[in-house]
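Structure first, commentary second.
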Amino acid sequence: MGLKIIYGRAGTGKSTFCINQIKKKINNSPTNKLILLVPEQFTFQTENKVLNAIGERYVLNAEVLSFKRLAHNVFNECGGATRTIMGDAGKSMLIFKVLEDLGDNMTVFKNASRQKGFIDIASKTITEFKKYNVNNEVLDLTINEIEDENLKMKMEELKDVFNEFNSRLHEGYVDEEDQLLLLNEKLDGCSLYDGAEIWIDEFSSFTPNQLSVIGKLLKKAKSVNITLSIDEVNSPKVESDLFVATKNTEKRLMNLIQEEGIAFNGYINLNEDIPYRFKENKELAHIERQLYAYPFKQYRGENNSLRLYRANNNYDEIEFVAKDILRLVREKQYRFKDISVICREVDNYEKVISAIFAEYEIPYYIDKKIDIASNPLIVFINSAVDIISKNWTYESMFKYLKTGLIKEFRGIEGAELIDELENYVLAYGIKGKKWMEEWVNYSSSILKEEEISEENKQRLERLNDIRETIVTPLDEFNKECKGKKTLKEFAIILYEFLDSKLNIMDTIDKYVEYFKENDMAIEAKEYSEVRDIFIDVLEQAVDVLGNEVMDLDEFMKVLNIGLSQYEMGLIPVALDQVNIGDITRIKSRGTKALYIIGVNDGVLPSASKEEGILSDNDREILLEKGISLASDTRTKIFEEQFLVYTAFTIAEEYLVVTYPLADFEGKSQRPSIIVHRLKKILPNVKEESEGFKLVNDKYDKISAKIPTLNELMIAIRKNYDGAEIDDYWKYVYDWYLREPKWKERIEYVRKGLEYTNLENNISKEKAKKLYEDNKNKISLSVSRLERYAQCPFAYYIQYGLKAKDRKIYEFTAPDLGSFMHEILDEFTNEIKEKDLKWSDLSKENCKNIINSLVDNQVKNNKSSILNSSKRYSYFTDRFKRILTKSVMVISEQMKRSDFEIYKNELAFGFSKDVNSIKLDLPSGESFYLNGRIDRIDKLNLDGETYLRIIDYKTGSKKFDLNKFYNGLQMQLLVYLDALINNSENIVENQAMPGAILYFRIDDPILKSKGDLTEEEIKSEILKELKLEGLLLDDVKVVKAMDNTLEPGTHSLIIPANMKKAGDLGKNKALITMEQFELLRKYVNEKMVEICQNMIEGKIDIEPCKENKNIVCDYCNYSHICQFDSSLEDNRYKVIPKKKDEDIWKSINEKVGGEVNGD
């Protein structure tokens, strides 16, 4: 009976020493038990190491145990397993319920207890109390002595939570920490390990409970041998000492044996000048000795074992690591299993490592736990509950359907059904109660109902069948979950919904079978394990809280808290693979080469300063009162230092340290202090980078097949552009050509060099077929011509190939425009029927008529989007206000004008008022333009008839002569020309142009420094909604448009002003009759030019760019053309900024002679 301490620095062979001792004992055929006790996470690795060292004989004579396994053995042999051990899930669910019940009585933690993550913090605190033997009596005594009121209140509430938790737990359970307390009790009367020889390895510290167990074992065992990673024993305590944690452990062990009267069998010192691990490697031995030495010594010998790499980013970093691993395997005959990659934040690196290692064909295993929240079963359960608790939202419904767990929606056919369903749901705004109703709408408009075709009726029938399949089980589930029930009742309802109604468990079994048959071990394990976890959590919840009454929301909170405690470990799929993991989880297990990545400031060593519920100051006060708990943040800094030391001493032969200059988001990063330290203790080490690599030969770019192919592409591109490349690339190219698997890819590379996204023109015949209607006529609107002028290719995609965006149930700008135009048209008809004049309308008139028209429009179209929600009801009220304000402004404009409204919504084409505008092309074809003029005003003056066109716009718009010149704003001039040409038929005599104007439909917000009078408000509104466009430069005509315009004033309703002399002020909105003629002639020629290009099949990818305005920014087809201005052949059609006088000159040069009769 006695304690022996085996000590040595990292790499001195402490673990090997223990195994060798066990081997010697086995060779002497022992009759007593031989036990190797290690931390839980290292049991599997240690068993393998012992098996490799000793062979199968070890199984019969020795055991590798953790404290948990030790307890299990004792309870099985000597009793004590009467109460079930509650797992982390049950523990968290119980803590949640305790916090819920105590929450209203809390002060300090009242708000925090409801926050996400607090349960984990509370659970850790409870665990900490138990680990450090803090019980109710200890808490009572300590709280009475605490003077700090805040800490006192905090400890009172923690005590309440702690006691309530234990009270409920111990009704039938114990937790893992209780296990050690129970183990302490049972060991006294248990002879299982009497006379055993025990080795305890890989611990740097022990909790008080673990120390108690060791104390009991010391009394029963023949010998207990404990390894500690320290440089020397019996040394004075120095807080900054690298080995301070293990030296504290040594001191506590010595105190323990003194208190218990146990013999000390001495120390075994494994420290030598060069540790066992580094016998053949002076550089790594120097790092072990000097990394944290003060003062330090420098090693100036040749360096072959350490590399430092400064990466541009994480991708560059991991690619460097991948290339170097392949070099070790190919040139140095390393096995992949001899190599490890470690970092501080493995989650951040997982994706980039997976992608790059796959490219380089490096087998690897990431030693990490994965969250189960994204598994289809967990997603399915949560989305099913979300559907009924969040009123059948689109997001929850399609999460539910896309899990692949409902048999009707599995496979390709199932995915197609979901796509069809999703398209309908998005197009018609299906949510809430609409899922429970038969779907009858198939209108193309979101504002009006339409007659449904037979084809669409059949689609609706099929969609309704699908809807029924989905809704029936969910509706039953919804009804069963209503109101409050016990947790057990909810658990039964949920499980029956999954298993009996939808056969989800059977579906999961089929997936597992499929994965196994297709060598998908990871997926098979995940699906199988998550199903078992779900059932286990459900059972734990029922056991712990089964009789608690709650609603569905609270039940799901409990369930998800339980599920959140589970993570799955990944399975190593091969024996020979690179081991990747967190720096805290990977220990030295025959690691010849080690890559430590992400060695950045604040990352390694970690700068975390999370204190938890109890701050460092709280812990100091509690320590003074006799409660010793886990380390404070200051102590953790030194523990982190020891962790770094341990990591940097894992490698036996080769160490690579890398750090990126930028993180995954592109933010700059600095190297860790460790990098600077390495440079100081090994001054001959050269820091490498993309521009400088020590292992740098011209064949460096030839590695694995995919990366080499990528480099080959770059070389081919350089050669294609005329640059010199190395000769060996020709042989690389030939190799890929000879390999059938790669030949096709090389051909793609070659074609890629010749690739251009420019489209060849289509034939005239094809253009006619694409653009002609069913009457073999090419009919289109002016806005479509403008669209072609913006970008011929976009026009071809939209109107030639008829590409359509996915229809979404939303109120868009075009919908708003249509709605406003229709109401204004109905308003005009209404006042005409009532024999009212615009100039006689009052505010009350306007408001009442508009309200009535809008209400009727919405009421008469039940499927209108404006009936769909309260949000759209608000929009409807807002539209009423805008329209009322607009018609009041129109009324005021008409009061001030001698022009009269002659006609609204005059249609060209559409078999209505006036024939289509016919354009005859030089090539013999004809185009027909259709359109609709919002409003025509007429003035009879001095025997002449003047017309002005008003176009209603829901956004701000002004006439831009430059856009007009380039074919981007032709509409009003086209309408004016057609109106003048047909005026004898329309207004019964030849008319002349008076104006083309835009009217903005709006309810403007006025900005003013002070209060405004009623009259000032009216003037400001008129000014804000002033008509914009072009006017005939004739003082009589302009005065007729605003009869309030006086000398020396500016008009509030049109873009004009009058000088004091009575003539019109200079204004680019004013143009002469001759200029109107020029514009009319030019617009016709421009339209013919555009139509000629269209019929000739020109579909150039040539988007317009005007200053910073680029058509592509608002184009839905840019992903099709893949226009890229950096490509040689991709060019914008730049609209240069010109002065109006220069544009007029250009127009005059083009068509002036024709207007003047030349």
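Sequential numbering from 1, following the chain as shown.
For all residues, glycine too, the Cβ spot is worked out from N, Cα and C.
Swiss-Prot names C791, C1112, C1115 as [4Fe-4S] cluster ligands; from the candidate set C1091, C1121, the record adds C1121 to that same site. Neighbours of the ATP site: apart from G8, R9, A10, G11, T12, G13, K14, S15, residues of the same chain with C-beta atoms within 8 angstroms of the site's C-beta centroid are S229, L270, P275, Y276, R277. For T12 (ATP binding site) paired with C1121 ([4Fe-4S] cluster binding site), the C-alpha to C-alpha distance reads 65 Å. Following the DSSP three-state reduction, the secondary structure of S15 (ATP binding site) is helix. The binding-site residues examined here are G11, G13; by Cβ neighbour count within 10 Å, the least packed of them is G13. Around K14 (ATP binding site), the same-chain residues at least 6 positions away in sequence with a Cβ under 8 Å from its Cβ are I6, Y7, G8, D201, T227, S229, L270.
A count of other CB atoms within 10 A of each Cβ picks out C791 as the most crowded of the binding-site residues A10, C791, C1112, C1115, C1121. Taking each of the binding-site residues T12, S15 in turn and counting other Cβ atoms within 10 Å of its Cβ gives the largest count for T12. DSSP assigns A10 (ATP binding site) to coil, not to a helix or a strand.
Each residue contributes its Cα atom, and for G11 (ATP binding site) and C1121 ([4Fe-4S] cluster binding site) those atoms are 61 Å apart. Note on R9 (ATP binding site): other Cβ atoms within 10 Å of its Cβ, all shown chains, come to 21. Neighbouring residues of the recorded [4Fe-4S] cluster site, listed in sequence order and excluding C791, C1112, C1115, C1121, comprise F793, A794, I1101, P1103, V1111, Y1117, S1118, F1123 (Cβ within 8 Å of the Cβ centroid).
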